[in-house]
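For reference, the structure discussed in these notes is given below.
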Amino acid sequence: MRKRKIMLNVIDLRGHVPTTSELRRTLPRGGTDINSVLPIVEPVVTDVKNRGAAAALDYGEKFDHVRPTSIRVPQDVIDQALDSLDPNVIEALKESIARVRAVHSEQLPAQHTTSFGEGATITEKFIPVSRVGLYAPGGNAVYPSSVIMNVVPAQEAGVESLVVASPPQKDHGGWPHPTILAAAKLLGVTEVWAMGGAQAVALLAYGDDTQQNSAEVLEPVDMITGPGNIFVTAAKRLVRGVVGIDSEAGPTEIAIVADAQANPVWIAYDLISQAEHDVLAASVLITDSEELAQRVNEEVAARYSVTRNADRVSEALKGQQSGIVLVDDLPTAVIVADAYAAEHLEIHTAESHKVAEQIRNAGAIFVGGYSPVPLGDYSAGSNHVLPTSGSARYSSGLSTHTFLKPVNVIYYDEVALKEISDTVITLADAEDLPAHGEAIRTRFENLGN
């Protein structure tokens, strides 16, 4: 019998229904230790806070080996990037922008008012964040799609001031990659910074108003969103509180719930495509079919080596963060998937919609064989900035809501306040905060005068 070449580790959970604690111990999970790089990143953030753009440029030259002539990319450079871009890429970007905008425009919540009789209303309104910094990475790959996924929901929320920051590229004159600039142009973003890494995050958070040229004044933002490497994530942790952040994103991940009828070639390619991002990327198959597990492993082993990024893919698939989980049945597969809480979850089963309805924890759910994760990465219309490392148990992906602040507007007239005053005073006394009660009483003590 021909020996099967195995790429992915197999975890056999058959024979019992695992508990949540057991699953958190045994499921493949990689992740990164952000604490390990804080001693490197903290001095960078502090120096940029103190010295501004000069420090950011120094660190960019040290880490990226390139120093742009200015941090703010000139408008003519942005214009030229779009003019020079392949028309097919331009059309693809436009189509993705249109679909993402269509989805995110529908997410806008409506203002609503609750009334407690005449003269007592609580109105919840939604106010957009004023200024947002959007980070577009430029490491193993270039991500104009991330520009779209961050900019569009911010625009739909009504954010008035947007800046995109992306690493300068030595091969492109010290400016960010042209596709990043072109995407910004298509989206109507006019402020782009040639800055990456932890220094970009710090500069977005603290800004710099010391420049002689007013065009180079770099105003701080109120929120920073967008993916990045471990150093970017560590910097976001350090500036959190000074600004808001979307999340501390870890390495990307996919989990696939599949049964015996699933196509092993499709699953293999979906696992490979996610592993292509990063050597720390996680690719996990959860199945009740031992035969499917074996066939997927064979297909992965046969096909990964012909990809352009084969070494990266191989390391990711062989890592502790990737694997195949065998279970007794689909209900158990759902339990496992919920415990794993994948960034991306694909469902390849009979009645896949019914299975998807049972899922509680996932950044995004891709239902059926014709809804692969790469579709969501680019052009489905959904957002690809999603919670990682199990955080989908309590958080969700980037959306229009991310950039909106729900604010309660309270209005009570004299009659309405009088009606509830005894309740307020009683609670104030119960908490031993008598001045709270006096603030109510004083409004009615001389009411007849």
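Just so it is clear, glycine is given a Cβ too, placed from its N, Cα and C backbone atoms.
Cross-referencing HIS344, HIS348, HIS353, HIS401 with the substrate binding residues that Swiss-Prot gives (THR252, GLN274, HIS277, ASP377, GLU431, HIS436) picks out HIS344. Distance noted between the C-alpha atoms of HIS436 (substrate binding site) and TYR135 (NAD(+) binding site) is 45 Å. Report note: the NAD(+) site is defined by TYR135, GLN199, ASN229, and the residues of the same chain whose CB lies within 8 Å of the CB centroid of those residues, excluding them, are PRO137, ALA165, PRO167, GLY196, GLY197, ALA198, ALA200, VAL201, GLY228, PHE231, VAL232, ALA235.
Summarising the environment of TYR135 (NAD(+) binding site), the number of other Cβ atoms within 10 Å of its Cβ, over all protein chains shown, is 31. Take TYR135, GLN199, ASN229, the residues named in the record as contacts for NAD(+): the widest Cα to Cα gap among them comes to 13 Å. Counting every protein chain shown, 10 other Cβ atoms lie within 10 Å of the Cβ of GLU431 (substrate binding site).
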